[in-house]
Amino acid sequence: MTKIWFITGSSRGLGLAIAEAALNNGDSVIATARKPEQLTNLVNKFGKERVFPVALDVTDNNQVLQAVKSGHEKFGRIDVVINNAGYANTAAVEDIDVDDFCAQVEANLMGVVYVSKAVLPILRQQKSGHIFQVSSLGGRIGAPGLSAYQSAKWAVGGFSTVLAQEVASFGIKITVLEPGGIRTDWAGSSMQVPTVSEPYQATVGAFAESLRKSSGSEVSIPSKIANIVLKVLGEKEPPLRLLVGPDAVEYAGKAAEVLSASDEKWRELSLASA
């Protein structure tokens, strides 16, 4: 049976690649973007019968509710949800504007919460559905300058772990995708890097520069990640959390080893509370 996909951030990058993979697979897509005119090529290529473009800013809960409602009315069901929209700016904690910090959390975390909440009644009534949260390797590690973005991604992992337990009995599956570098514009023009203050040049400044230099040569290709999503979708028991990319596997493994070693080092003190 063909599936109906609801995808946020469908106009470019990973969201567009997943939308195209779903459509090439014979499915239909509720394609959302802040600027729906950017979805014109997708509609022209696959037809308005299978591509339903919807304006959506995921930080606006009322807009989320309306987008889900209109998409559901168009196709009669929603089978797959891809929470993909998000962005990162780079700044030291001491330097970052509080409004910028909150805006990143709103887009990267609350957008996931809003969309997940909006689709749950539909999926629960259907007794089926699969929600994919596009998180990041940054949901398992920390990098200087990405405090807002990575705080949100860590929270997406926690939120989704709880959500999976709440909805499993309804036939709803949850998968958190945790990619490393993806060959998109994430670290290019999409990312703002305010002036880094002198004390943080060696940490935040150096890391921001490394992101800029690597932009366009990241390991993972959006279309290949889209194929991974299709494969996971076909699994009877899909993973709750899935690292994506050789860099993600490497760095997450190293981070887990460091944490395990620290836990073991301080084990005796940890047990002293009883």
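Including glycine, each Cβ sits where the backbone N, Cα and C put it.
Per Swiss-Prot, the features are as follows:
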BINDING   Leu14, Thr32, Asp57, Asn84, Lys117, Tyr149, Lys153, Ile182, Thr184  NADP(+) binding site
ACT_SITE  Ser135  active site, proton donor
ACT_SITE  Tyr149  active site, proton donor
ACT_SITE  Lys153  active site, lowers pKa of active site Tyr
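On the structure: features taken from Swiss-Prot.
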| residue | record | Cβ neighbours (10 Å) |
| --- | --- | --- |
| Leu14 | NADP(+) binding site | 27 |
| Asp57 | NADP(+) binding site | 18 |
| Lys117 | NADP(+) binding site | 14 |
| Ser135 | active site, proton donor | 30 |
| Tyr149 | active site, proton donor | 26 |
| Lys153 | NADP(+) binding site | 26 |
| Thr184 | NADP(+) binding site | 22 |
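DSSP assigns Thr184 (NADP(+) binding site) to coil in the three-state reduction, outside any helix or strand. Once the Cα atoms of Leu14, Thr32, Asp57, Asn84, Lys117, Tyr149, Lys153, Ile182, Thr184, the listed binders of NADP(+), are compared pairwise, the greatest separation found is 28 Å. Cα spacing between Ser135 (active site, proton donor) and Thr184 (NADP(+) binding site): 15 Å, rounded to the nearest whole number.
Lys117 (NADP(+) binding site) falls within a helix when secondary structure is assigned with DSSP. It is 17 Å from the Cα atom of Thr184 (NADP(+) binding site) to that of Tyr149 (active site, proton donor). Secondary structure from DSSP puts Asp57 (NADP(+) binding site) in coil.
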